[in-house]
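Remarks on the structure that follows.
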Amino acid sequence: MKKNREIVNYIIMGILTTGVNIVSYYVLTEAGVLDYRIATVIAWAVSVLFAYVTNKKYVFGSRTSGLRELLHEVSSFFFFRILSLGIDFIMMIVLVELVVMDDFLAKIIANGVVIVFNYVVSKQIIFKNSVSAKN
């Protein structure tokens, strides 16, 4: 039952994080008139900060004991999110420039791939010693 709750919470937070990413991207490209590549990086940074807080608190119930453990968790989270930024960025270039897909549709597809990658990494590596992982 707790595993189901974790997955549901992750899906909800993933949807919210994706929303933060896409809304940030939209505002930056449409209102801010930024290039889609620059907007992708900025939108990623905003959504990663949101994702760390929500994953730590609401999905995995992580409670770190001490500064060293917290720094390890944060650095792991950001390291793997940098990898997911690479996935997002490369997918955007491939889909927009090679496939000639609408950039907004490409952004939605890239985010779907990134959500799955991030869950697996969060569950198996970053928050593996969290309260939810122990139950």
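Every residue, even glycine, has its Cβ placed from backbone N, Cα and C.
What TrEMBL says about a protein is an automatic prediction, not a curated fact.
If you check TrEMBL, you get these features:
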DOMAIN    10-127  domain 'GtrA/DPMS transmembrane'
TRANSMEM  7-28  transmembrane segment
TRANSMEM  34-53  transmembrane segment
TRANSMEM  74-98  transmembrane segment
TRANSMEM  104-121  transmembrane segment
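For the transmembrane segment (104-121), the residues of the chain that approach it from at least six positions outside its boundaries are 10, 14, 17-18, 21-22, 25-26, 40, 51, 80-81, 83-84, 87-88, 91-92, 95-96, judged by C-beta separation under 8 angstroms. Across the range of the domain 'GtrA/DPMS transmembrane' (10-127), the DSSP-based residue counts are 102 helix, 0 strand, 16 coil.
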